[in-house]
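I have placed the structure first, in the form of structure tokens, so that the comments after it can refer back to it.
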Amino acid sequence: MMKLLEDRYGRRHDYLRISVTDRCNLRCVYCMGPEGVKLLEHRQILSYEEILKIVRAAAEVGVKKIRITGGEPLVRKGIEYLIKKIAETPGIEDIAMTTNGLLLEEKALALKEAGLKRVNVSLDSLKPETYSQVTRGGDLNKALAGIKAALHYRLTPVKINVVLMKGINDEEIDDFLRLTLEYPLHVRFIEYMPIDAHDIAWEGKYLSLQAVKERASTLGLPLESIEVRGCGPAEMFKLPGALGSVGLIHPVSKHFCFSCNRLRLTADGYLKPCLYWQEELPVRPVLNDKEALQELFRKALDVKRQQHTMSPQRNRDLEEDRRGMSKVGG
């Protein structure tokens, strides 16, 4: 058996996040600037067959979990084909997707039949006007319909990703908490991360997730800690009698780098050890050599740093050139 993927800090890597496109049908304020981003040419984006070569090589060295991301992965034609082929790959045990949910209502059944197991839906507001503001024009009703379809077709557990932003959606903490009382949804509050140069306004919007705990206490809704399985980043809680759960993900104030188990593949074919740092290795030169491709995974781990440097006080590396969130897939 091939040696499994373990870095110099003893972290075992069995999770690959794959961005299948840099295109999106929204322009969320924390993901890109108001002018959008310069898009890749179609020839630059990995084909499905190229992605499958990478997945098969990764599975042989211990990768068990795949997450499909974007941009917005559902805007790429034939995504069901890719999911079906990944599901057929020996060694792959879990296939998930992160989506904004706008196309999920029409695609949920086909995705389930192809082999997709679960979805995370980005939803930063339950108010139509605020949702439209954050997404720069998105339709909240379409996103909610997508979530209902995911529950109906059992793309579960359905997780809701909420980027908490001061002065924008922090007054909706109550509504999101109560959502877990009514539906079997797993709401995950995520700290706003400064990733790209357009995030210069980040300091004014950043809010520690302690605000969620304080708000729950004020409402008389005690957050009960629950056991976490695996290497996920969320600190998990549940409200008494809730059908769902509440997760707090603190990439800025309480990093979880010590348990990181993931690598990222960009839509244009670069392997990234970390969402935050700039290091990335091109996969195209070794696509037709499985052993060289597997060695590239090891090289990615060789350059993977122990942790990032984001903090509530200062993002000292913000001025450095890096890929924005829309090009990495979160």
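Cβ coordinates come from backbone N, Cα and C, glycine included.
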If I go by TrEMBL, which of Thr98, Thr130, Thr135 binds GTP at the same site as Arg17, Arg67, Lys159, Arg262, Leu263, Arg264?
Thr98
Among Cys31, Cys274, indicate the single residue that TrEMBL lists for the [4Fe-4S] cluster 2 site containing Cys257, Cys260.
Cys274
Out of Ser122, Ser132, Ser225, Ser245, TrEMBL lists as part of the S-adenosyl-L-methionine site with Tyr30, Gly71, Met193 the residue Ser122
Which listed residue (Cys24, Cys31, Cys257, Cys260) has most other Cβ within 10 Å, given these are binding-site residues
Cys31
Arg264 (GTP binding site) and Tyr30 (S-adenosyl-L-methionine binding site), distance between Cα atoms, whole Å
19
When you measure from the Cβ of Ser122 (S-adenosyl-L-methionine binding site), which residues in the chain that are at least 6 apart have a Cβ under 8 Å away?
Cys28, Thr98, Thr99, Asn100, Gly101, Asn161, Val163
Pick from Cys28, Met193, Leu263, Cys274: which of these binding-site residues has the biggest number of other Cβ atoms within 10 Å of its Cβ?
Leu263
